[in-house]
Amino acid sequence: MADLKERTFIAIKPDGVQRGIIGEVIKRFEAKGFKLVGMKMLSASQDLLQQHYIDLKARPFFPTLIAYMSSGPVVAMVWEGKGVVKTGRVMLGETNPADSKPGTIRGDFCIDVGKNIIHGSDSVESANKEIALWFKPDELVCYTSCAYDWLY
Ligand SMILES: Nc1ncnc2c1ncn2[C@@H]1O[C@H](COP(=O)(O)OP(=O)(O)OP(=O)(O)O)[C@@H](O)[C@H]1O
Ligand SMILES: [Mg+2]
């Protein structure tokens, strides 16, 4: 059975915050039918960012990436729903905005791979790791196992 409680970690990067696309991103995920289960704005520490992008540590752009992600506040969110990890990545577009189709977030709002405005987990496993890294359990709400009566 499909996991209706699948979760993904989505972060609006500093350039996305600066350019005022927070509402646009939230609007798209809400309109699609996903549920927001956690959200906060923060200036991410070097430690947190290095941990978040640990798999890219050996890449030549790693120092630039950490500096970019430290250049201002980010909006960290957890979204929930059926297939949210995969569908979330489709909604974001490709890593390089130049390869992202119109209609995707990166396809519509940015042009540079080094300033691609948003992050999304690339697998359920990464999502679970990233959510645990950025959020404490009591910072996330629960809908489906609680008393609320939601459509899906
Ligand atoms: N060639 C590059 N030059 C500069 N920055 C890059 C390059 N490749 C990736 N990045 C940056 O590193 C981030 C992480 O790269 P990754 O390969 O995980 O892509 P992604 O999964 O699409 O992006 P994200 O993890 O941020 O959602 C990219 O989103 C981008 O900001
Ligand atoms: Mg990635």
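Residue numbering: from 1, along the chain as shown.
Each Cβ is built from the backbone N, Cα and C atoms, and glycine gets one as well.
It should be emphasised that the depicted structure is a prediction, and the values quoted were computed from it without experimental measurement.
Taking H, G and I as helix, E and B as strand and the rest as coil, DSSP gives the domain 'Nucleoside diphosphate kinase-like' (5-142) the counts 65 helix, 28 strand, 45 coil. The domain 'Nucleoside diphosphate kinase-like' annotation in TrEMBL covers 5-142.
Counted within 10 Å of its Cβ, the other Cβ atoms near Lys13 (ATP binding site) come to 24, all protein chains included. The ATP binding site annotation in TrEMBL covers Lys13, Phe61, Arg89, Thr95, Arg106, Asn116.
Among the features that TrEMBL reports, active site, pros-phosphohistidine intermediate is placed at His119. For His119 (active site, pros-phosphohistidine intermediate), the Cβ neighbour count at a 10 Å cut-off comes to 20, with all displayed protein chains included.
Each of the binding-site residues Arg89, Arg106 was scored by the other Cβ atoms within 10 Å of its Cβ; the lowest score goes to Arg89.
Distance from the CA of His119 (active site, pros-phosphohistidine intermediate) to the CA of Arg89 (ATP binding site) is 9 Å. The most densely surrounded of the binding-site residues Thr95, Asn116 is Asn116 (count of other Cβ atoms within 10 A of its Cβ). Less than 6 Å separates the Cβ from ligand 1 in the case of Phe61, drawn from the binding-site residues Lys13, Phe61, Arg89, Arg106 in sequence order. Cα separation, His119 (active site, pros-phosphohistidine intermediate) to Arg106 (ATP binding site), rounded: 10 Å.
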